[in-house]
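Now, the feature entries from TrEMBL:
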- 67-84: compositional bias 'Basic and acidic residues' (COMPBIAS)
- 88-97: compositional bias 'Polar residues' (COMPBIAS)
- 123-135: compositional bias 'Polar residues' (COMPBIAS)
- 186-202: compositional bias 'Basic and acidic residues' (COMPBIAS)
- 209-221: compositional bias 'Basic and acidic residues' (COMPBIAS)
- 225-234: compositional bias 'Polar residues' (COMPBIAS)
- 9-35: domain 'WIBG Mago-binding' (DOMAIN)
- 67-97: region 'Disordered' (REGION)
- 121-142: region 'Disordered' (REGION)
- 186-234: region 'Disordered' (REGION)
Amino acid sequence: MTTYLTDSEGKFIPATQRPDGTWRKARRVRNGYVPQEEVPLYESKGKQFAQRKPTLPPGMCPLAAEQARKEREKQEKLRAKKEAAAATNKQRQLQQQQIPGVLKLPANIDTSATIAATPIANKPSTNIGPKTKTQNSSSNSNHRIINDLAKNLETNLNVADDGQDAQKKLKKLRKKLREIEQIEEKIKNGTLKKPEKDQVEKIKRKKQIQKELKQLEEEQQHQQTTDNEIPSSI
């Protein structure tokens, strides 16, 4: 903001020193002059009306408006907490889902009874009461269930591996058969007059490849039929 001084002749801007040491002369200011940086910004009538317009509805008490605002903020905080809790629960459920290849025990297995019965089975005991017998039978039952689950899991994994190997072998045999058919087509059309040695060997193995391919397809079809007929034991 510009600094003015007043003397007997009126207002004036005093002399000022420049950074290089020289001085600016004092300047007279005529009456009614307003510097550009002090001119107020123009505001339209619409803006002035909006500034004068009350923020609350006509006749509404400011205290009631403040109370309603606090209540609204409280409800928004509660809603945010509920959404955060729901997201956490959903993430926990996704983490608790069974991972492929991980053995998941049934809910009816009493792991505490199994753990408690383990040291008793290792230590000799002369007096076995009804409670101990019940725990031993429960632990034996749990062990049998765990062993069955482990066997079923191992069988399923082996079957899956065999199925993947069969699929790869089928794909490879079909590719070889396509190559042989392409070579035969070229020889038939005359585009390949002198086939190479490996191409001739491929043509000789055509029947063997067809036989292996047919056998694998029959085995795969039989395996799929067996899987559809036998229900899952778990």
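Quick reminder: no glycine exception, Cβ is built from N, Cα and C everywhere.
Across all of the domain 'WIBG Mago-binding' (9-35), the predicted model scores a mean pLDDT of 87.
When the domain 'WIBG Mago-binding' (9-35) is classified with DSSP, helix, strand and coil residues number 0 helix, 8 strand, 19 coil.
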